[in-house]
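Here is the structure we will look at, set down as structure tokens.
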Amino acid sequence: VCFSARSMATTAYLLSITENVKYYLLIFLVTPFALIKKKQKQKKQTRALPVKMAAPLTLLLLVAVTVRAALFRSCLTELIAERVEVVSPLTAWKRGKGAPATPLIIYLFHFLVDYAEVTFMLADVITAVALYMAVADYNKQVFRKQKYALEADRYPLDCLELIRSPKEMYYIPLKVAMFYLLNPFTILCCVAKSTCGLNNAIIALFILTTIKGSVLLSAIFLSLATYQSIYPLTLCAPALLYLMQRQYIPVNFRRFSFWWFIAQYAFMYLGSLFVLVCLSFFLLGSWDYLPSVYGFILSVPDLTPNIGLFWYFFAEMFEHFRLFFLCVFQINVFFYTIPLSVKLKEHPVFLIFMQLAVISIFKSYPTVGDIALYMAFIPVWNHLHRFLRNIFLVSCVLLACSALFPVLWHLWIYAGSANSNFYYAITLLFNVAQILLVSDYFYAFLRREHHLTYGLYLKRKDGSEATLVLK
Amino acid sequence: MAARRRLVSALLVFLCASSVFSGAESQEATLTGGHRAAAVDDPPTDTERAEQAAEQPAVEERRWEATEVEEATPDEAAGEKQDTSAPGTAAPSSAPQPKDDFQEELVVRPLHSGDIYASFQFRTLWETDFTRENKVSHYRLFPKSLGQVISKFSVRELHISFTQGYWRTMQWGQPFLPSPPGAELWVWFQDSVTDVDGTWKELTNVLSGIFCASLNFIDSTNTVQPSASFKPLGIGNEATDHRFLRYATLPREIVCTENLTPWKKLLPCGSKAGLAVLLKSEKLFHSSFHSQAVHIRPVCEDRQCKTTSWELRQTLNVVFDLYTSGQGKREWSLFKMFSRTLTEACPLASSSKIYIDVTDNPQGEQFELSPATALLSQAVVLGDRRTFSVYDLTQQITFGSVRSLNLLIRWKSTEGDMLRPLLHAERYVAGYGLQTGEIHTLMYNNHPYRSFPVLLLDSVPWYLRLYIHTLTVTSKGKDNKPSYIHYQPSKDRLRPHLLEMLVQLPPNSVTEVTVQFERALLKWTEYTPDPNHGFYVGSSVISSLVPSIVAMDTNSTLKRPLFSSFFPCKEESSFFVRIYTEPLLVNLPTPDFSMPYNVICLTCTVVAVGYGSLYNLLTRSFQIEEPSPGLAKRIANIIRKMRGVPPL
């Protein structure tokens, strides 16, 4: 059996992709044992994976760049660049010098102003490729872990159908890249020249370097992302967890190695942040940018409508409660980091996904570009789909809201037949849908983990089929 | 009277000698015509022309000088009268005479549109030093309230105007003193002031009390420091640091009686005597345009500027639309305009005159003026030589036998050329919807062959977020790059945008300045009580040196009519003009003011949904749901438990 499987596998890679997958499925279902034996072989094959996938990825990149280039040349550019859903005061290209942009971005575009379109397309491509590579690497590890667990017979017997097969995992990196590049939200974001695309690229590079296990680069990119917009600071928790997991450092508060690693990472993170801040100071010659950028993010002085929760809330807020609610809302973003890290200690990549979603829902100036980043991860959680409870409803609401945003905006701003409440209602609904989506994925993830420990077909004491509830 | 007769005869002799006149009033009209012809037709050398130009004012000058010599005695007498009538003052022999002087004048210019432009100017000059150590305490003509303001706040120059209505430059020509709609205040502080912003804040509050106006609404969000547009008009206007300048406008300010009364109280005679008796609010505010201003500045007394004095200039400009209110008859009189006639000059005034602009009426074909006056005057004002009929109120003869002066102008013809000012400007907002917009400023240079530079100043409130990179300046379809741009970006809720630029206007052209902006959504408490009325954006200020047709008078210390001596003139070939565009009314998107509670509740609900669902998943764990036993079974179990029997 072992021999045949090996030969079949080798031929499978020479055959077309679909056949390959079929064979893999076959191998997988016939004998998990074979997998263990084929350990070394498997390694070689997985390494060959990106090379084989290079052609479809290149095609995807070409399509994405073509779509963007075509839109840049069309008359829609102006229209898209004005959409409040796509650009926030913080990311708007159109605001020019008036925008509270970080000095490095200003400096960057000082040189690249003539190549802005190329830069934004490149940023999207970098994000997509980084996510692709990160997810490919992550899947490899997931697969390996699953293999070890199977070896150790850790899964209950009825859980075989929860085991992930290479077939389903094979296309995931490509799907992630596609979800990011061909997501209308990303395309709009790129065409509007929203600097959100650049922030996404930095975060994607941070994810890639973290997953590749490069501590220094991870810290540098995290500090860059933080420098750009404070909120990615919360991503340091999953990064630490992942890197420690990778280096087999136990998450134990009493262990020296744990604290030593945290100190190292913090040192690298703070060091590069310090360099960035000082560099900005030398570029501008003053510290004025600190209050004008970070004060702008934290104190929300600009109430231009967007898809977030802040604008209307603080436009309608009573002045003497303003500071209190500002603190409540801002803390809300950082608040979930620790409980989520505790709960998802073993699954830092899912934690990254959760954190990105929380940031994009509760940040002060969200745009659709932020949503696009965490939505790119959805294909990674393909295996959770059987546990999702209301994905249909949520996706319908998200789609309907996306369509209604421009409609109600027009009614309010141009036609004058609606007022601000209409637009506000849609932002509320959109955010509820996002919250439901994220919590649904979280629920599904936890449930799958539960099943992997306790078995898929649970029985009550009396032997009847059991239903799982949260208690 | 004898002196006057002598004067008139001397004048007649001079006129005869100049061989243009033989004497009577009707020929006086040809004086201007003849001289104009000389100026236009003759191609004499420049020196000759200059001589001629100098000669003509010399005539008037002589007459005026003569008048002033004649007046000298009554003036002193008046001063003595004042002293004796006010026994509280120190003995005139021991104390030095306060070197102060008060003049009043009214200029009336019939406009081609059928309207009447009346401009009052009251000037108090006082040779004193408000900045010296021991405070000035003895006030005679100068209002004490303003004197104290100058010394307390170390003010170097103060210009404040309140205007109702918009000056239509295209129909009415240039005003003698321009002012934007609403309230405008600009102040130069002394170099010794350390906390300029604090002083400015206090000053605006004090002025708010003095003029009963909402100047206390001037704060950092509508105050700018123009770098080039507002130079000091008094002495020492060369080396200036614009850190000591503050400029603010309140375009929404409504000017009415409560502003006029305190303004009149600053006059030495109040509204009891002199030209100020005409200032009755029920008539003044029933007009197309009304503007009152106070200008304080230090000026030179003589050419070498050995002695300086403080000048307080109170001006009031009003345009009456008599054509529509006069039931089709184009006829006006002092009584019809102001519902008063004049009976005397202000006894404290050293000069009190009425000027009627008769430049366009040399033959009396346009209108008829009665009572007629023999006195004519010429003055170079706004780059043009104008002829005026002069009524000297210090002369009893002016009032005639009825002891009251009621000037009457009766129009004869209805047609007239439209005045085409060399420079004028307009502004509007383009675009639709409440998201973005575009400000268009159009500047017209109507000079047929000369181009000249203008300084454009725009102060835009922060809630219109200017996209400064969309700024375009085009004239004659071509890009016109400004040679100087000073832009200060706004800060939310702190300071407005300030845009100043120097643009060269090609001859006979329209220059268009456009800039796009985005409308901000404000906090609900930041909206005015009528938010859907819109928000006012103050006028653009356009300052320029416009090429002059005639040689301007550069000696500012020369005795001239007040209306022609406000802006100092540096060179003969050009004159200073400042024009204001229309203020803009811009609508902003509004939140629903009725539902702060609802919004707070709904948003917090959404946050709670997020918190709740995550909290649920974080704190709870999956468990198999056991069917809960029925109520009867549970009660039975409780009883069994009490009995110590195992439950069912």
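These residue numbers are counts, starting from 1, taken along the chain as shown.
Cβ atoms are placed via backbone N, Cα and C, with glycine included.
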A:109-125, A:126-142, A:228-244 - the one TrEMBL records as transmembrane segment: A:228-244
From A:73-94, A:293-314, the residue range that TrEMBL assigns the feature transmembrane segment: A:293-314
Interface-richest range of A:228-244, A:265-287, A:321-338, A:421-443 toward the transmembrane segment (A:293-314), CB pairs under 8 Å: A:421-443
Residues of the parent chain within Cβ reach of the transmembrane segment (A:350-378), under 8 Å, 6 or more residues beyond its termini: 85-91, 127, 131, 135, 176-177, 179-180, 183, 185-186, 188-189, 194, 196-197, 199-200, 203-204, 207, 229, 231-232, 234-235, 237-239, 241, 297-298, 300, 302, 306-310, 329-330, 332-333, 336-337, 340-341, 344, 402, 431, 434-435, 437-438, 441-442, 445
Candidates A:202-222, A:321-338, A:390-415; stretch with most C-beta pairs under 8 Å toward the transmembrane segment (A:228-244): A:202-222
Distal contacts, the transmembrane segment (A:202-222) - CB-CB under 8 A, six or more residues away: 126-128, 130-131, 133-134, 137-138, 228, 232-233, 235-236, 238-239, 242-243, 246-247, 264-265, 268-269, 271-272, 349, 352, 356, 373
Sequence-remote partners of the transmembrane segment (A:390-415) [C-beta within less than 8 Å, at least six residues beyond its ends]: 83-85, 184, 305, 307, 368, 422-423, 425-426, 429-430, 432-434, 436-437, 440
